[in-house]
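Straight from Swiss-Prot, the features:
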COMPBIAS  38-50  compositional bias 'Basic and acidic residues'
COMPBIAS  62-75  compositional bias 'Low complexity'
REGION    38-89  region 'Disordered'
TRANSMEM  108-128  transmembrane segment
TRANSMEM  148-168  transmembrane segment
TRANSMEM  174-194  transmembrane segment
TRANSMEM  197-217  transmembrane segment
TRANSMEM  233-253  transmembrane segment
TRANSMEM  265-285  transmembrane segment
TRANSMEM  346-366  transmembrane segment
TRANSMEM  377-397  transmembrane segment
TRANSMEM  418-438  transmembrane segment
TRANSMEM  445-465  transmembrane segment
TRANSMEM  478-500  transmembrane segment
TRANSMEM  514-534  transmembrane segment
Amino acid sequence: MDYIFLITGYKYRHLNLEAYNAKSRAIENEKRYLGNDRNLPFHREREKVESNPNSSDEEDLTSTNNTRSSDNTTSDTEDDSGEDSYQVEWESGKDPLAPKNWPMWKKIYTLLVASFIAIVITANSSIFSDGGGIAAQQYHVGATVGDLCSATFLLGFAAGSVLFAPLSEVYGRLPLYSVTLVIFVVFQIGGGCSKNIWSLVIFRFFHGFFGCTPMSACGGTISDLFNPIQRTGALLVFCAAAFVGPLVGPVMGGYITESKLGWRWDFWINMIWAGLTWVIVCFTMPETHSETLLDFKARYLRKKTNCDKWYNEHEHQRDPAYAIRTALTRGVRLLCTEPIVQAFCMYLVFINILLYICMVGYPLIFYQYGFNAGEVGLAILGILVGILLGLALTPIIYVHYRRRYEMRDGNICPEDRLFPLFFGSFFIPIALFWLGWTCYPSVHWAAPMVSGIFLGWGFLYVLAVCYSYLVDCYHEMAASALSVATFTRYAAGGGMTIVARPMYNNLNYHWATSLLAFVGCGLVPIPFIFFFWGRRIRQRSPHAYKG
């Protein structure tokens, strides 16, 4: 993390270090003058400030940084030497170095970089959907074994999210993005050089495991940068990017596989693409985690003032094992006891299953029209058109939520987030019935392809609304809620990728798609139930926001 510290230290070059030095000297002089008697006025006044750190929000940093005595191991009010330590905080509510106070262009750039990482990684999840079948033929195994290449990627994605989401709260977002991305690049070499189908399956697992960081840390990055109103549009942009990757992947993979390059170039193209992304991340993407930035600030002040007493409390709480254990136990507890988490995880699982079943089902449906692998990828882009149409309505959703937010005098009501899902919940079963009963060879291929527009529209609104609602409902536990949601949706998606081909072969295209549509119909009431009774459900929950 030293290169991050160097960049961050440069940002702090404008600080009035003399003020920090003066503060250190003044407190030391007062302490020598007054002694260590905790009953003296100086200590009583300092304890009063410590107990109400927000009482001096209007002052500059030399008066707002709380002077606290701390034990490096026990967090008592005095350490073994009797010396005080000074906790580093943001200078005020408008500190320009705090991520929420950054210029809007910088926030948008950071969001776009995070979204681009998501496109690169998620494209890898589906780029091999055609190549897996051809590799299976080359290695003389069945097509279902070839589907394992996609399934193990998704299972690795699910497993990695459990590990890397809590680590981003310990070490910051940027180290996780940069380290996992470079490992992801290295494992592409293994995929391209695989000598048998089983080594390919294993490497695909590690592609997913180290590629999960964008989806694992996305909620944290967006929460770091944007207030609740701005988060409405930011999350829609990121969710659109999360779907663009899986939809663009089959187009790329189809044409690469059909060309003279062959299926191995799926991995070489990914390696080049992800490698360039890693360079962009390392040299242009800023750290957004507030506590990590305050750690850097404390480190910078210790170096520049030659005073080792500046600290941030987060520095002494870096316990990755505890963070992972807490995320696991909290996530399991939320999934087992919270109706909100159960319902919206079920919805997220359903759309992820649909997305990756489409990667198997669309080729089966459109091959009967004489499409080749590249043209089947283009057929899937109908879903992308729907996602972009849904994204184009972001200003309307933003205005709606802002009005509701202002009507409540700035108090967040999570149920206000559910408005887009009133439409999205109907779009998905309509699109599936449309696809299922127009995919006859006697019907023009454009008819089933157009159904993808409504499917994509529904995908976007379900993902964005579910994530927003979970964040607003669980606040401090939002990271755990999103972590368990990410795990369940990708684990289920990986399992269903294996059964999709037998399902379509045994039920035929029409009834297999209709079966999914009936499941979608069963999920339609969820947003309406929580819109009318969500507040009552939250008030009965020991973990959810009660407002």
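Cβ atoms are placed via backbone N, Cα and C, with glycine included.
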Practice item. For the transmembrane segment (514-534), could you work out the same-chain residues 6 or more beyond its ends whose Cβ comes under 8 Å from its Cβ atoms? Key: 340, 343-344, 346-347, 350, 353-354, 357, 414-415, 418, 421-422, 425-426, 428-429, 432-433, 436-437, 465, 469, 503, 507
Review point. Other than its close neighbours in sequence, what residues sit by the transmembrane segment (108-128), given a CB gap under 8 Å and a spacing of at least six beyond its ends?
Key: 149-150, 153-154, 157, 177, 181, 184, 204, 207-208, 211-215, 218, 221-222, 225, 234, 237-238, 240-250, 252-253, 256, 263, 266, 269-270, 273-274, 277, 280-281, 284-286, 288, 356, 359
**Study point:** Stretch-level contact, the transmembrane segment (377-397) and the transmembrane segment (197-217), CB cutoff 8 A, at least 3 pairs
**Key:** no
Review point. When you check the transmembrane segment (478-500) against the transmembrane segment (346-366), do you get at least 3 Cβ pairs under 8 Å, counting only pairs 6 or more apart in sequence?
Key: yes
Practice item. Go through 148-168, 233-253, 346-366, 445-465 and flag the stretch with the largest number of C-beta pairs under 8 Å relative to the transmembrane segment (197-217). Key: 148-168
Check your understanding: Ranking 233-253, 346-366, 445-465 by Cβ pairs under 8 Å to the transmembrane segment (148-168), which is first?
Key -> 346-366
